[in-house]
């Protein structure tokens, strides 16, 4: 008998993957957590029925969250990741030698625990000496921080459950306060096919707080529609004006210095969402 997992991305559309076996399933304090082994994408982390990451395509999301803001900032030393308990963004952040400390605040400790167990190629960097892992509410951590971080990355689930507060204007204002005077922030902002209103709202809210606000995209096969967006807000540095000398060689599978600029070239229907 074949086993298949289907993520219903809308009421009428979804994606499905053949499952070899279930590695772990649990109702945590915050969400339903499933770790499964798939035929096509390797081990897959699922939260509340939504694919969070897979061994096969994880590098796209994690590289684009991390390297776009880190190469935009001239000297990022202190970095905060809100969410991201699978450890993929941390792994990419640590490729930048200027980063002296990376703090990860994940609300659900079970995500960290089982990512370490079943996604070691993604979560292995969580034990690095430059990393501080805190199990707690990222919203509250931001509220308690001021003029502390060079770059803040919000690696959250979609705006449901424990992540709902991470898509509010008040949260973005708190991020601005937590950043230093030339700080940069980035957040995943879902896809333009099924959630265009979210992109419009988030971009508008961020633009009212950050003088430089831009949208960029990446292609991620296991995320709804495959076309994913990220909103970046900066107090001083424009991601489209990064000097050539700032790029240094790091090992990546998706991100390149050419792609850095190309990612901001939006299809017209996506650009229309943020006019």
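Yeah, the Cβs are placed from backbone N, Cα and C, and that goes for glycine too.
According to Swiss-Prot, the protein has these features:
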ACT_SITE  155  active site, proton acceptor
BINDING   31, 106, 137, 138, 162  S-methyl-5'-thioadenosine binding site
BINDING   62, 86, 155, 156, 157, 158  spermidine binding site
DOMAIN    2-235  domain 'PABS'
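Sequence features annotated in Swiss-Prot and their locations in the structure.
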{"residue": "31", "record": "S-methyl-5'-thioadenosine binding site", "Cβ neighbours (10 Å)": "21"}
{"residue": "62", "record": "spermidine binding site", "Cβ neighbours (10 Å)": "26"}
{"residue": "86", "record": "spermidine binding site", "Cβ neighbours (10 Å)": "27"}
{"residue": "106", "record": "S-methyl-5'-thioadenosine binding site", "Cβ neighbours (10 Å)": "25"}
{"residue": "137", "record": "S-methyl-5'-thioadenosine binding site", "Cβ neighbours (10 Å)": "16"}
{"residue": "138", "record": "S-methyl-5'-thioadenosine binding site", "Cβ neighbours (10 Å)": "26"}
{"residue": "155", "record": "active site, proton acceptor", "Cβ neighbours (10 Å)": "26"}
{"residue": "156", "record": "spermidine binding site", "Cβ neighbours (10 Å)": "20"}
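Here the C-alpha separation of residue 155 (active site, proton acceptor) and residue 86 (spermidine binding site) works out to 10 Å. Distance between Cα atoms for residue 106 (S-methyl-5'-thioadenosine binding site) and residue 156 (spermidine binding site): 9 Å, as a whole number. Note on the domain 'PABS' (2-235): its mean pLDDT in the predicted model is 95. Counting in whole angstrom, residue 156 (spermidine binding site) lies 10 from residue 138 (S-methyl-5'-thioadenosine binding site) by their C-alpha atoms. Residue 137 (S-methyl-5'-thioadenosine binding site) sits 16 Å from residue 86 (spermidine binding site), taking the Cα positions as reference.
Across the structure, residue 86 (spermidine binding site) and residue 138 (S-methyl-5'-thioadenosine binding site) are spaced 15 Å apart at their Cα atoms. Here the CA atom of residue 138 (S-methyl-5'-thioadenosine binding site) lies 18 Å from the CA atom of residue 62 (spermidine binding site).
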